[in-house]
Amino acid sequence: MRRHLQWSIKKLTASYADGQLSPRRVTEQALEDALRLKTLNAFVRLTPEQAIQQAQVSEERYQRKQQSGSLDGVTIAIKDNFCTRDVHTTCASRMLQDFVPPYDATVCAKLKKAGAIILGKTNMDQFAMGAGTVDSLYGPTKNIWSEDLDQDNWRIAGGSSGGSASAVAAGLCYAAIGSDTGGSTRNPASYCGVVGLKPTYGLVSRHGLIPLVNSMDVPGIFARSVSDCVAVLNAVAGPDRLDSTTIRDPFTRLKLPEIGQIDLSTVRIGIPKEYHCQGLSAEVLETWSKVADLLECGGACVQQVSLPNTAASIFVYSILNQCEVASNMARYDGIEYGHRAEDERSTEQLYALSRAEGFNEVVKTRILTGNFLLLRKNYEHYFEKALRVRRLIAEDFVKVFEASDKEDHVDILLTPTTLTEAPLYKDFASLTNRDQCAVQDFCTQPANMAGIPAVSIPIRLSQAGLPLSLQLMSNSLNEQLLLTVASWIEGQVGFDSLENRQEYKASL
């Protein structure tokens, strides 16, 4: 393994500054590794010419001692539902197979401004509708932790941002961008043993992110460490005049204290009892308990709390998801852009055939279900009722984070990210998309409905040698404390996806 792959972003950029490494050589090696590990199917499209050009310019900046920012020369991958100028953006679908955006999403533009090197576009479930990255036009993405990548015994990478998670876990890039609507960043981060951050809704611009559910979509960040996540967040967060949903207040850059300087004595940790649910594996439960004990021993106050509407959240999420999907997918009609069928006997026929050919069964099912739920006779019974329950779910979080009684108040919630380790592809594929998402998104989607920040961090390996992760959630715009506590846990458990994978393979 290349030595620099195990370095943090801070150490990598320092090595560029002192001439120990060059951005161009690191980028060339990353592109070589991406081709070597093509069997993972993490990337749907590499952009070697652009990447080498960006790396060369970065190298020249370092030689002049005029670095663009903390990400100058850092290799990053982008999920295929973020618009990238002059590079295909397909959402892993036939509908947008030939779509080449004339502009960059704000996230991509900010990364380039910070000097990051974009390696290419990563695989995903079609239009981000899935929890395994198995419903892609380009085929499924495989988890680098799989026992066997060649047979049906390989493990899923999680979804819908599985390509980004797989690329970071395999050491193909230092960080990656995904999207998170109901857990699509944290879920694959959990399965692939990397850190996955979903920021507060509105903290990072959605401009150029092809929408799934406008009221829940958030750009997410993958990295191998919490500090690397913070470096990327500092580069991409902040108000954007092109996105009316971004928070207008200026973003204050986060700075994590050293592990030894973190004081947990004033931190209150909540353990929501509703997350101890059916299907939670014994190993995940044990991991959850051990980290709670670890925090308590570290000086934090740990107590059980209740989020009573959690049980209803997955049903509410499903209804609202499908309703917004029906609305968002209406733009793909084969006229303005996207796939266009050859049958032009009538406008109606053209619409119908273009959409039938351009969407897979998962997308078509959600469109049909969403339109059914939005019918006049169903609107109040399903959509409006779901909105009311969504408010109750959000209020559950407010009650625990902003309780007037200090004894009931908590700063951080600690929960599982996923209920189990990464399942085998053959087991996962035997379920319907609806059942896949109902299981995979149970612990993650409430944070999206409340708009609060959440992060998944890897803790240890299961008996099968697969990563087990936990999730931390906090109040809106409380990323500083959230990531400080995550960094403390990370320092205690000492998990690194590249190092742990090497150690586990050596022990076999």
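Every residue, even glycine, has its Cβ placed from backbone N, Cα and C.
Those TrEMBL annotations? Automatic predictions, nothing curated.
Here the domain 'Amidase' (27-483) has a mean pLDDT of 96 out of 100. Taken from TrEMBL, the feature domain 'Amidase' covers 27-483.
Take the CB of Lys79 (active site, charge relay system) and look out to 10 A: across all protein chains shown you find 33 other CB atoms. According to TrEMBL, the feature active site, charge relay system maps to Lys79 (among others).
Residues or ranges marked as active site, charge relay system in TrEMBL: Ser160 (among others). Counting only same-chain residues at least 6 apart in sequence, those with a Cβ under 8 Å from the Cβ of Ser160 (active site, charge relay system) are Met124, Asp125, Ala128, Met129, Gly130, Ala131, Thr133, Gly178, Ser179, Thr181, Ser184, Pro188.
Marked as active site, acyl-ester intermediate by TrEMBL: Ser184. Summarising the environment of Ser184 (active site, acyl-ester intermediate), the number of other Cβ atoms within 10 Å of its Cβ, over all protein chains shown, is 39.
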